[in-house]
Structure formats: structure tokens, C-alpha cells
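Working notes, structure below.
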Amino acid sequence: MDFQLQAVDKHARAGILNLVHSQVETPIFMPVGTQGCIKSLDAIDMQERLSAKLILANTYHMYLRPGEKVIEQLGGLHHFAQFHGSFLTDSGGFQAFSLSDNVKLQEDGIVFKSHLDGSKHFFTPTKVLDIQYSLNSDIMMVLDDLVGLPAPLKRLEESIKRSAKWANISLEYHKENNRPNNNLFAIIQGGTHLKMRSLSVGLTHGGFDGYAIGGLAVGESTNEMLETIAHTAPLLPKDKPRYLMGVGTPENILDAISLGVDMFDCVMPTRNARNATLFTHSGKISIKNAPYKLDNTPIEENCTCYTCKRYSKAYLHHLFRAKELTYARLASLHNLHFYLELVKNARNAILEKRFLSFKKEFLERYTMDRQ
């Protein structure tokens, strides 16, 4: 994988990530396609209507259903989903912990039961790489030991040592397999304890294709999260992409970009869309509310998304109230367009050395309805 930094504005970075299936401009937001698709959207929506280059799929879910070997026999995840961009797959460790009963954390992996049928499974650092090789992921995440916050210092220390050990095992295994098109990212843990974050970076070997800041947006305050990012990002290699996992709001994303983060994913735009919350540059609106019943204007004037060019808030209000499946698609198209345009505009501002003023202007307008 080739990552080229094109511009730096203070700490904000703009770059190019060259993957075998696509060239990705950073900062980048990755829509979350847990089951190999973005809920209610298909590959044509992602490619032609949203111009998405990189999306996230979940190793745990793909492994349990339909099975990574099924996907491999059908030509890999790209052919299976007919998505001609790139896929990042997470390790599945978080889902093994959060969705399963009777999870057992061991020094060499995670024992868990399927949330589908109760069958017993064992994820190890090499097992999750084998699954992701079968999926033919462009970017693969190592197995890590994620800790919810707040957590005792002893548990954080256990987590970072175990995560670093698993990451280093993964790196050596990946080198042995010689799979240059499947790039491997490490994950830095440590909660909001800055010394633990530094230790995590120090214990994790160099040589990964990228580095993720994990273990955030799991119960800490926004200030704690930003302080942790500000401390951790400068410790990571400057010539490698930096990925903040599972974050977040438009404000969070712009703050993290200003701290040197390049990549983001979150279910927020699509989950909020399905639950009637739509993003605009003047803040969020709830399309289910009565005032939109006779509102013949688009979600946002001057928005160029597929939905806003064709449909009114009144129509979307009706679809939501009628529980029509089409609502989820149209709302998700708008919210993802909003997020993808946000990082695209942030990138342009970095290239033009005006990111801080762009961020200030965006946040002033976006939050004005909360004053």
C-alpha cells in the first residue's frame, strides 16, 4: 500500500491512499456495511450516487453468515457485493465481546458463542487474518482486546499488552503469507490514560501499513476523547495513515482531523437516517415531526445529493410515517452524502491551507440552533 501526504495544515493532513481496488483521498469517511452492504443501499448507490471509494465490512458477521469460505468461492467480497471500490474489514473482536454470551478472553484469543445459533468459536490473531484473506479485504484490522470505559488501570495495562502481542503475532504471520494487496493495520489501545497510550505505541512493532486509534467512543467524555487523540496521533508514524475507529459526529470528525487523523467510520449517518434524523449544515432535523408534513422543500437547499434533487421533506415525512422501506434508502443517501462531502470539503481546505477557518465556519453554522 502506498500512502502519500499531499499537504499538512497545522496538524490536519491531506493525502492519497493507493489500494489495489481504488485510490482513496484522505481525510476519508468510510460508510459501515456490517453485513457486506450499507443498510438499504446497493453497490450502484455507493459507487454512482455517493462516489464512495472505501467502505467497512465486519469480519465477525461475514464469518458467521454466509461464511468466509463461501465468499471466497464466490470470488471474494468485492465480487460478492459487486462493489468495485475497496473494503476495510475489522477483526470482529468487538462484536465477539458485545454480541455473544459467555465470552472468554484468553492469552491466545477469544472464545465466544455465535449470537445466531449459540455455536462455539475461537478467534486468534492468525484466525482473523485467515478470514480476512478469504474475504480479500483491502485493509485488515488486527485482533485486539477492547476495554470499555471507565476501566481500572490494571485492566488497561492487560489490554494494551495483549493487544500489542496479538498485533505483533499478526504482523509476522502476514509477512509469512506475502499478501501485498491485503494491507494490515495495528490498533493502539489504552483508554484515556495517556501513559497507557504511549506504552501501547511503544509495544507495537513498526512495519504495519497503517495505525488505528481504538478504544474510544466507548463511554468517555468528548474532552477525554480529544485529549487522547491529541496525545496519541503524534506518536504514530507520519508516513502511515491514521484511523480513528467508530467516531463519530461531524464535530468529532473535524476535531480529529485537526489533530492529525486521516480515516473515520461510524454507523451514525445511516442509523440516524433510519430513525428520522437527517443532517444539514444548520444542524440535525427530525423528519418525523409535524411541521414537515406540508414542507415542499428539500432536506437542504443547494444539497446535490440524489434525494434532495428529487424529493421534498413532506414526501420523506410521509414515507417515514408510513414505514415505507424506500424512506431508509433516501434518508441514508442524504446523510452519507453529507458526511462524504464534509470530509471532501475538509480535504480541500487543508490543501488550500485554510482548514481552521473552514472548521470554525462549519461549526458556527452547524451548532447555531443549539445556542
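Positions of Cβ are set from backbone N, Cα and C atoms, glycine also.
The secondary structure of ASP90 (substrate binding site), as reduced to three states from DSSP, is extended strand. Neighbour list (ASP90 (substrate binding site), Cβ cut-off 8 Å, at least 6 residues apart, same chain): LEU56, ASN58, THR59, MET141, MET245. Taken from Swiss-Prot, the feature substrate binding site covers ASP90, SER91, GLY92, GLY93, PHE94, ASP144, GLN189, GLY215.
Marked as active site, proton acceptor by Swiss-Prot: ASP90.
Residues or ranges marked as region 'RNA binding' by Swiss-Prot: 246-252 (among others). Listed by sequence, the residues of this chain that lie at least six past the ends of the region 'RNA binding' (246-252) yet keep a Cβ under 8 A from its Cβ atoms are 216-217, 222, 225, 264-266, 268, 279, 338-339, 342, 362-363, 366-367.
Secondary structure at ASP265 (active site, nucleophile), taken from DSSP and collapsed to helix, strand or coil, is strand. The annotation active site, nucleophile is assigned in Swiss-Prot to ASP265 on the grounds of sequence analysis.
Long-range contacts of the region 'RNA binding' (270-274) within the same chain, counting only residues at least 6 positions beyond its ends with a Cβ under 8 Å from a Cβ of the stretch, are 31-32, 38-40, 284, 328, 331-332, 334-336. Residues or ranges marked as region 'RNA binding' in Swiss-Prot (evidence: sequence analysis): 270-274 (among others).
Sequence annotations record features per position, and here Swiss-Prot assigns Zn(2+) binding site to CYS303, CYS305, CYS308, HIS334. Here the Cβ of CYS305 (Zn(2+) binding site) has 21 other Cβ atoms within 10 Å, regardless of which shown protein chain they belong to.
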Entry from the binding-site residues list CYS303, CYS308 having the most other CB atoms no farther than 10 A: CYS308
Surrounding CB atoms that lie within 10 Å of the CB of PHE94 (substrate binding site), all protein chains: 19
Recorded positions compared (ASP144, ASP265) - the one with the fewest other Cβ atoms within 10 Å: ASP265
Other same-chain residues whose Cβ falls within 8 Å of the Cβ centroid of CYS303, CYS305, CYS308, HIS334, the recorded Zn(2+) site, in sequence order: PRO298, ILE299, GLU300, THR304, TYR306, THR307, LYS309, LEU333, HIS337, PHE338
Around the Cβ of SER91 (substrate binding site), the count of other Cβ atoms that are within 10 Å: 29
Neighbourhood of HIS334 (Zn(2+) binding site) by C-beta distance under 8 A, where only residues 6 or more apart in the same chain count: ALA273, LEU278, PHE279, ILE299, GLU300, CYS303, CYS305, TYR306, THR307, CYS308
